[in-house]
Amino acid sequence: MGESGDVIMQQSKFSESRTPHPAIRTIIYNSPPSNPPYSLQPQPLSSTLITSSYSHSTATMSTQQGASGQTNGNAKAGQFRSYEDDRNAPSQETLYTTSNGVPMPHPYETQRAGANGPLLLQDFHLIDLISHFDRERIPERVVHAKGSGAHGTFKCTKPLDDLCLADVFSKTGKECPVTVRFSTVGGESGSHDCARDPRGFSVKFRTEEGNWDMVANNTPVFFLRDPAKFPHFIHTQKRDPATHLSGSDDSTMFWDYLSQNPESIHQVMILMGDRGIPDGYRFMHGYAGHTMKLVNKAGGWVYAQMHMKSRQGTKFITQEESANKSPDHSQKDLFYAIEKGDYPSWTVEFQTMTAKEAEELWEKQGINVFDLTHVWPHKQFPLREVGVFELNENAKNYFAEIEQVAFNPAHMPPGIEPSADPVLQSRLFSYPDAHRHRVGVNYQQLPVNSSRTSYRIGNFQRDGNMAFYNQGSRPNYLSSIEPISFRERTVDLDKVHGQFINEAVTFLSEIHPEDFNAPRALWEKVFDEKAKARFISNVSGHMSTCRKEEIIKRQIAIFREVSEDLASRLEKATGVKGYDGIKNMRFNGTHNGFSKDPKVRNANGMTSKVSFSGHSHNGAPIKGTHKAESIDNAGTSGTRVNGGAPNGANGH
């Protein structure tokens, strides 16, 4: 009791002394720009009603307003309370009211027709209370439903201006506020923090040129490389439609999908290994997984992969240890570490390669930079440090600042562009589409999602549910009477994305021998003997609830392509003899490049007008993919590394 009391007292003292973080500040404007509307220069701003931090004088004013009920009532109708003021005001400085601001004497009172009669419909207080309560829950995320998060600051430590014109990487010491959300992937909002599951790792960088959202995981790869598979895969991670059991009690759907889509093997090796259950969010790395493009001021570009390396190191929990952890282990660990001032931080690093190197990487090593199941070897493409972000403030309200925070991989400031990675391309649409459904079309008007730019934002998006900042009386079209300002283009999109001249094709990827190279390196070069034993125990234990032996036979055959030693150990642990390999197996999710027999090779037994997209390269940038100017003008020679050291086996 004494320890708990001490913790509570420390929390209270800590919270009162903190200045609100820029990540959740908002500004209310009422003054016109000082420059003409056609100026291309950032407009100076002024704010009303609020200061940039909560102070004693503000507290005194708010108390007086709450007690008298006069000050705010006498203010101009066009003035509004700020989000920041509301976020930081303690209960003692508020007055109990209905949602429309009418004071009420007590929250438990109801109006009845006599002391023992029915309730009255006119009792707005009760109806206001109950009707809002009925609508408190917004739809949980279909993926990444269970999560934690916090606010912090990114600081550039080693500029990337030779490769990228993004302002946030322009000079040493450049800072911007960030909000980070960690999560499990497949579980529901009430699921266990220590489930064996990939972890989401998303960062919202509020740069001076708009928000940049890095949507990442704690693994460098994922289960798929064909975007249309994603809904199917996620469905297999949820509850069975008939039994309504999760994968903890019935793993049939889980292994059925994996045994039909062998390109998932790389992620399966990671998931079922020690990294499958990180010991809290502070002790794991983050990986973009997808390839992006960095564009410099000269218009040249390179491919890039972003890594976020934990400065706390990495820790994992065994399957047995996970049963003894709190269901909210990761949330508790993150929250109290920040609360006591033990701020976690991550180093932001990039791997980069030229267009020519990307073509050669496929031709010589069978590594596809557009493939989410492949990794870039660190020795060939070492990590280059760019900056560090630190999380130093907890959310004051979890729902407002973490549940409602929305990340979108299409949010990229000038200097950062998407590649032709097909799963990334699909996510560019699916993420904001999910937010518009889950939170609402104006989700970016919420303070936690809004940008922090020095210029006033204007566009022609209007109305919709919860349109709070609806841009006043400004024209909702491109007006010549009241013109909006524009900034000169900083990125030549024709040049950056100009190599795609093709006819439309139907596409489904094909499994190849090179898909097993990285998983084999994990088993043979990364896992020690104890890690191998834990892996076999994890897989066989999970398979014990699979209801179909055929599925296990198929999955062991896929593991056999990784290593005969791995497959033999798994056969012994499960008591199931797997198939000899995948050469004679037909998959419903991918073409089988190990076979020449059309009845086996073609996915799902397709026989009519089957398209392999040409093409055994699975959409990799083969020789001739890029225009000569892309090959000639982009380069990393002499600038790839600025202190980053090569590490890891085959990209791990």
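Any Cβ shown, glycine's included, is placed from N, Cα and C.
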Among 1-20, 181-200, indicate the range for which TrEMBL gives the feature region 'Disordered'.
1-20
What does DSSP give as the helix, strand and coil breakdown of the compositional bias 'Polar residues' (89-101)?
3 helix, 1 strand, 9 coil
If I take every residue in the domain 'Catalase core' (97-485) and average their pLDDT values, what number comes out?
95
